[in-house]
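**Q** Before we start, here is the structure in question, set down as C-alpha cells.
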Amino acid sequence: MTQLIWNGLFVGSFYALIALGYSMVYGIIKLLNFAHGDIYMLGAFIGFATLSSFGVIPASMSITALLIVLLLTMIITGGIGVGIERLAYRPLRNSPRLAVLITAVGASFTLEYGVSAIAGPNPKVFPVRLQGETFDVLGARISAPQIVLMAIAILLMLGLNSYIQRTSMGRAMRAIALDSKGSLLMGINVNKVITWTFFIGSALAGAAGVMAGAYYGKIDFLMGFIIGLKAFTAAVIGGIGNIKGAMLGGLLLGLLEAFGSQWLGGEWRDVFTFAVLIAFLTLKPTGLLGERVTERV
Amino acid sequence: MKLRIPKVVTIAAVAATILATTGCGGILGGNDTKTSDSGPIKIAAVIPLSGSSAPTGVYMKNGMQMAVDEINAKGGVLGRQLQFDAEDEACDPTQAAAAANKAVSNGAVISVGGYCSGATLPTLPIFSKANIPMIIPAANSQELVNQKLPNVFLINGTGTQQAAAAVKFMIKDGVKSVALVDDNTSYSKDIAAQTKKDLEADGGVKVALATSVTAGESDYSSVVHDIMGANPDMLYWTGYYQEGGLIINQLKAAGYKGKIMVADGSVDASLIEISGGTNADGVFATMTQTPDTIKGAETWIADYTKKFGSAPGPYSTQSYDAVRVAAEAITKAGSTDGTKVIAALEGIDGFQLFSGPLKFTPEHTLTNGGFQILVVKGGKFVLQDTLS
C-alpha cells in the first residue's frame, strides 16, 4: 500500500513537471501544445549528448555532472521551445484555433523524426545512471535516486510557483491569461511574456527528460509521445491553465495509475488513465482546481 | 473556390494514374523476372534494420550475406549467381507488409527473412500469394505455423518448443512458483501462454502471476509491484530486451531476490546495458544456438569476424543457414519455380545446419527445437545448460 502510494507520487512528479508547461501555455494562449512531450524527449537526448561528450565520469562526480547537464539542458530546451513558438505558433496566432492545434501536431512529429534521423532510431543507454541506497519507510522501498529526483522536481515546482506569484513577469502572465487584449492595452509586452512562458515550460520538460534518462537508463525518440498525453491528462484533471492544478493533477494521475494498474492489471494502465481523461472532460471539464469559465474551447 | 476543386480533382486523378501505372509496371516486372531463367537469382529478406531490434537485424543480414558470398564464390546455384536484397521492416507490421510487397515486385524468388513475429505475420500472405517460399530463420511464434500456409518454413524452434524448454529448465532447477510477464506482442504472448499451459498440465510448478505490460514505456513499477507481491521463485519475461532491461533494473531496485529468466527476444547485449551495472548477472535465457554456444563453429566465427569486423551475434548462424537451405532447395528443384522449391524443401532430409541435421515436420517446423539455456556471467550470455 505505502509502496503503491510512493510509486504513484514518484511517477506523478514527472507528470506534474511536464503538465506545468502544458498548463501554462494553455492558460496564456489557449493552445494545446502537443509538441510539449517531445521537448521532454529532446531534453533526454540533449542530456545524453552532453554527458557523452564529457567522456568517462567517475561515479562520485555523477550527481554534480548531472546537475550541470540538467541546467544546460533546461536552457537549450527552453530556447528550442521559444524557437518553436516563433516559427510554428506565432504566425498563426490570429488564425482559427484548429490551425494552431494541427501545427502543434506537426511540430511534434518534426521533433520526433528529426531526432530519429540525427541520433538513429535505436534506443540509447544513458551514460550516467543514478544509483544509491534504498531505505525502508513504512514498508515501502524508497531509493536515494528517487528522493533526489523528487526533491529536484519539487524545488523546480516551488520555484515556478513563487516566480508566478511574486515577480512582475509572473503578474503579467496571470494578467494575459485573464485578458490578453486588455493586458496589451495596459502596456504589457504580450509577445515577450509568451516567449518567457514557452521558455519556462520547455525548460521544465527538458529537466524532466534528463531526470528520466538518468533514472530509467534508456531513452528513445518516441518516449515523449505517451508521457505528453499523460501530462495533458494531468493538466485536465487539475484544471488546465491552473499552475497548482497541474502539480496536483500530475501527482493525482500517478496515484490513480498505481492503484488502477494494481486493481485491473498492468496492461490496463493506459486504458485506465485515458478513461479518466474522458471522464473528466465529460463530467468536470474545468478540472479539480479550474474555475468556471464562460468561454469553452 | 469553385475553380480550385476541379484542380484538386485533376491532381488526384493524375497522381492515381501515375500510381496505378507504376504499380502495374511493378507487377509486370515481377512476372517477367519470375519466368526468366537467366540472370541472378534474387533472394529477399524482410528483417529489422532500424528500430528497437536493429542490432539483431544487422547480425542476420551479415550472416545471410556471408552465405550468399560463399555460394557465389563456388559458382552460384544452377549456374546463376545469387543476388541478396535486405528490406527493412523496423519490427513494425505496416512497414513489414510494405517491405514484403517491395521484395515481391523486385522479383525475389525466395524469402529468408523474419525476426519479429508480429511484423513477419502480415508478410506471410503476401509471399504466399506470389507463391514465394519463405524460410524463416528467427521469428518463431506459433501463430506463424497456425496460418498453415504451404510456403512457410521455420528453421528456428517455435514458441511451443521454447515454452517446453523453459518448463524443462524450471523443473530441473527446482523452481516452485513462477511469474509470467509478456509484452502483449504475438511472439511474447505465445510463449507465455504456452508456458502457462505446460506448467498447469505438469502441476509441479505453480504459476504465481501471469500478466502483460505495455511495451515502449519507462516506468514498470506497477508490474514490479505485482511480482514482488506474488513473490515467485522465478520471473519468466517473454518480451524483448528494451523492456526486459528496464524491468530487471526496477526489480533489483525493489529488492527482488528470486531468479529471472528471459526468452530469446531479450538475448542481446543491450539487455545487460539497459538493466545497468551487474543487475543482469545470473539472468537465465531460453535461446536457440548462438555462434558462441555451438561446438565447432570457431572457424565460422573467425571468418565472420574477419569479414564484418565484429563478432557474430544472435541469429547470425540461423540466417546463414536459411540462405544455405534456400540454395539447397533451388538446386534440388532444378528451378526457381515456387511450387517446385516448396516440394524440394519438404523433401530435405539430413541437410547439415548449425543446429543439427534438417528435416521439416509436416507443419514445416524443425523436428528438434534446439533450445538451450544461457546465463549472464560477467556481462555476457554464456551457455548454462544444453537441456539434452
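Yeah, the Cβs are placed from backbone N, Cα and C, and that goes for glycine too.
Found this in TrEMBL, in case it helps:
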- A:6-27: transmembrane segment (TRANSMEM)
- A:39-57: transmembrane segment (TRANSMEM)
- A:63-84: transmembrane segment (TRANSMEM)
- A:96-118: transmembrane segment (TRANSMEM)
- A:138-164: transmembrane segment (TRANSMEM)
- A:193-215: transmembrane segment (TRANSMEM)
- A:221-240: transmembrane segment (TRANSMEM)
- A:247-265: transmembrane segment (TRANSMEM)
- A:271-290: transmembrane segment (TRANSMEM)
**Q** At a threshold of under 8 Å on Cβ distances, which of A:6-27, A:39-57, A:96-118 pairs most often with the transmembrane segment (A:138-164)?
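**A** The listed stretch sharing the most Cβ pairs with the transmembrane segment (A:138-164) is A:6-27.
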**Q** By Cβ distance under 8 Å, which residues at least 6 away from the ends of the transmembrane segment (A:221-240) in the same chain are close to it?
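**A** Apart from its flanks, the transmembrane segment (A:221-240) reaches 12, 14-16, 18-19, 21-23, 26-27, 32, 34, 36-42, 44-45, 108, 111-113, 115-116, 119, 121, 209, 212, 246-250, 252-253, 270, 273-274, 276-277, 280-281, 285-291.
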**Q** Could you tell me whether the transmembrane segment (A:271-290) and the transmembrane segment (A:193-215) are in contact, taking contact to mean 3+ Cβ pairs under 8 Å with a sequence separation of 6 or more?
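**A** Result for the transmembrane segment (A:193-215) with the transmembrane segment (A:271-290) is no.
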**Q** Test of understanding: applying the rule of at least three C-beta pairs under 8 Å (pairs 6 or more apart in sequence), is the transmembrane segment (A:271-290) touching the transmembrane segment (A:6-27)?
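**A** When sequence-distant Cβ pairs are counted, the transmembrane segment (A:271-290) does not touch the transmembrane segment (A:6-27), since fewer than 3 lie under 8 Å.
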